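Here is the structure we will look at, set down as structure tokens.
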């Protein structure tokens with residue numbers, strides 16, 4: 001039997017691994033299309049600033065074709081380095097495109113103020129043809145046209161510091177678009193604006209250089225359409241991360257934005273590990289999870305084998321991304337989402353409307369968090385050197401804190417858990433709701449929220465862990481023979497809570513405190 005389990009583990013790991021690169025054949029290359037990328041031909045700030053001005057205008061032209069737009073965006077993205085040409089040649093390895101670098105220098109004879117560098121030949125007319133939209137469009141009207149601030153005529157500067165701030169403002173907006181351009185382009189506007197405000201408050205960008213919605217939509221759509229552009233952006237991020245020593249300020253900003261880009265599209269996998277496995281609740285011992293836990297283990301190993309490109313597999317359209325979807329481990333994912341909803345309010349906005357979502361295991365995760373609140377793991381306590389008395393103190397404090405948090409919580413909470421088994425479901429359907437709320441301004445009794453203290457099948461409490469605090473959970477006494485008995489039980493528990501509060505007030509001596517029993521309160 002041990003050999004069977006070992007073979008099963010090896011089988012699942014082998015099945016989830018991608019094929020190894022081998023064989024006598026070379027790399028498969030597709031039919032390439034040429035992309036023209038403009039780079040400054042000198043180190044002058046005027047040249048870079050003028051080139052940036054012309055490129056920003058070209059991006060907003062709706063008639064521009066896709067490959068030309070991709071080349072323009074690559075030119076803008078590489079303007080912050082000292083040698084853009086060397087950077088592009090070093091990191092570009094795309095089987096779908098062929099990059100053609102063209103140097104640009106100032107010219108007094110061309111209408112656009114720039115020309116293509118050549119050995120003796122004049123290419124002013126070709127440069128004017130390339131930048132013809134500039135002269136026929138917004139430049140003739142005396143405005144840049146693609147900024148929200150319509151008072152800005154152009155973005156040409158002759159100072160290196162001003163150019164860096166201007167370029168950082170434009171690059172930040174492009175990089176922010178990458179975070180959700182592939183996964184959620186239709187709902188990305190709000191998060192993109194929040195991040196822009198963040199960098200504005202940090203003085204990394206200037207708010208006056210905010211591009212308008214039309215310009216941003218064009219860039220976002222191109223990022224979503226063109227895999228070659230995304231490959232370049234990911235390669236640029238990785239190249240910046242690898243570079244030693246202090247990095248330029250724009251490079252540090254790109255790394256900061258990368259925190260929003262990394263692992264885009266892998267939320268199901270990452271959250272399942274975070275809430276389903278790292279929390280280490282006893283529910284992981286269920287037989288239903290054994291197969292999916294092995295799947296998660298093999299996926300984590302595959303993630304590590306993919307190396308530095310693993311967090312960008314969705315952005316790079318890697319075919320292995322489907323293995324990481326929640327459909328490969330639906331029960332464990334549903335359970336993890338239930339845990340996450342209870343632990344973090346931010347999880348309440350997640351969309352769980354998927355065909356493989358299992359409500360029963362979602363409620364299992366919720367119930368595990370509620371029933372485990374205030375407990376201290378014996379294994380972790382032993383590792384940290386926490387004594388039994390300290391664990392008891394932590395349990396009491398955590399129970400009271402969790403109770404206050406539960407009352408103030410605004411996330412999706414279920415008022416009554418009918419859970420996994422039909423016996424409980426039938427009883428719950430026959431009984432009235434056990435949660436009653438009264439306003440303080442209204443007459444009558446106030447009934448608190450009650451939680452049952454039943455244990456799930458297969459759940460073994462940790463005997464070395466601290467027990468729940470009585471101030472958090474009270475034993476709910478429900479009788480099946482009528483509503484009057486239920487009301488009496490709730491009134492008795494409410495009175496018991498009031499007496500407990502009175503006894504815990506300052507100045508009350510423990511020696512003179514009367515002892516009350518549940519039977520006396522129920523009579």
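Residue 1 is the first one shown; counting continues down the chain.
Note: Cβ is positioned from N, Cα and C throughout, glycine not excepted.
Per Swiss-Prot, the features are as follows:
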BINDING   180, 195, 202, 260, 351  RNA binding site
COMPBIAS  427-436  compositional bias 'Polar residues'
COMPBIAS  447-456  compositional bias 'Basic and acidic residues'
COMPBIAS  502-515  compositional bias 'Polar residues'
REGION    1-36  region 'Homomultimerization'
REGION    1-403  region 'Ncore'
REGION    1-375  region 'RNA packaging and organization of the helical nucleocapsid'
REGION    373-391  region 'Homomultimerization'
REGION    404-523  region 'Ntail'
REGION    422-470  region 'Disordered'
REGION    477-503  region 'Interaction with the phosphoprotein'
REGION    501-523  region 'Disordered'
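As a whole number, the greatest separation of Cα atoms within the RNA-binding residue list 180, 195, 202, 260, 351 is 32 Å. Restricting the average to the region 'RNA packaging and organization of the helical nucleocapsid' (1-375) gives a pLDDT of 87. For the binding-site residues 202, 351, counting C-beta atoms within 10 A of each C-beta gives the highest total at 202. Here the region 'Homomultimerization' (373-391) has, by DSSP, the following mix of helix, strand and coil residues: 11 helix, 0 strand, 8 coil.
Secondary structure at residue 195 (RNA binding site), as computed by DSSP, is helix. Cβ crowding, taken as the number of other Cβ atoms within 10 Å, peaks at 180 among the binding-site residues 180, 195. Neighbour count (other Cβ atoms within 10 Å of the Cβ, all protein chains): 16 for residue 260 (RNA binding site). Reduced to three states, the DSSP call for residue 202 (RNA binding site) is coil. In the three-state DSSP scheme, residue 260 (RNA binding site) is classed as helix.
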